[in-house]
Amino acid sequence: MPRRSMSSTSSGAVASARRPNFLAVMFGAGLLLFAGGLGMVVADAQARIDAAESAISFTAEEREYFGGDIETTVESVRLGALFSSMYTGADVSKYEVEVEDARDGSSSTSIYPVTYRVILALNQGWHATPVTLPAFAGLALTVGALFLGAARWHRRAVRRSRN
Amino acid sequence: MGDAREFDPRYSPEFQRGYEPASRELPREQRELQELRAERLSRPRIAPMPVASVSPVVDTAGGQSNPADGLTADPLDEPDERNDADEESEAPLWRNPYLITLAILGVVLTVGGVTLFRWSVDQVYTGQYMTGTQADARQDWLWVQVAWGLAPLLAIAGALTVLGIFFFLATKWSPRRRDDDASTVDEFDE
């Protein structure tokens, strides 16, 4: 009888060794998903910066009109476009510059956004954007794998003979 | 009615119809069954500790030592006796390495997420991102956006993890006293 049980145990051990560890697979998939989601968030932020860099452009006439403050104006508009996009979840807007000459010889300028394609939130504040969801899902998968491991783990205290 | 051969051999004759203790003699088979049952009942449920020592025996006469000489127990019975001798008990939950990892992860995620979100808000509203060179500013813009997008989710995940740990402890709690003064072995119950 012991020989038979040892044989079945060894075959069972071989079968379990061939079987992939479910917890390890789940944990690894969660980490991979989190890393991939983090990469997506970084790529999205980089694309937003690139879009903000080209959010506004001035012609020579407009540059002459704004004078020495043109760089400060450009930087301010770019950052406004970037963070407005970050707050609302919308695409980075393109800005147009309009210079109007009045009849009395004076002129006025206006800078206004011309594209708003997607707005996820009207209020300026944090909100979950779709690009952050894969990273959160990966984190949830990782934590879930740890909870499964905690539920399946048990510590066996064995009191052996002292002779 | 009083014929003992009609008794069902699977059960004790005392509890079967027609049993007369003083006037009848049990057949040999049923007598053996009764003796076996009495012997089984008198035997202790837990096997006694093995008295054999497995320490090697040194042959003082100069001959080769035979390890089997020092054994008084049957080697084939050794695994069963060892299993009977071992006493298993559950260890306290705070020794669960997964639970420890989850507790640390939950606290780190919660504190880190809140701190990261505060940092991103400070960066945006205090204008600290405008200092430094253009390349530094671009890097700051990048990480401010990443922190803004992910930090609240990290804090939420950390808070849910801590909450889950409390639920886990609540489901595993029992008023039994735990005995953990022995050596321990980690394993999965697969």
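Note that the numbers count up from 1, one per residue, in the order the chain is shown.
Glycine is no exception: its Cβ is also placed from the backbone N, Cα and C atoms.
Note: TrEMBL annotation is automatic and uncurated.
Under the heading compositional bias 'Basic and acidic residues', TrEMBL lists B:1-11, B:22-42. The compositional bias 'Low complexity' annotation in TrEMBL covers B:48-58. Residues or ranges marked as compositional bias 'Acidic residues' by TrEMBL: B:75-90. Among the features that TrEMBL reports, region 'Disordered' is placed at B:1-90. The transmembrane segment annotation in TrEMBL covers B:98-121, B:141-169.
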Which sequence positions outside the transmembrane segment (B:98-121), separated from its termini by at least 6 residues, show Cβ-Cβ distances below 8 Å to it?
-> 144-145, 147-148, 150-159, 161-162, 164-165, 168
By Cβ distance under 8 Å, which residues at least 6 away from the ends of the transmembrane segment (B:141-169) in the same chain are close to it?
-> 93, 99, 102-103, 105-117, 119-121, 123-124, 129
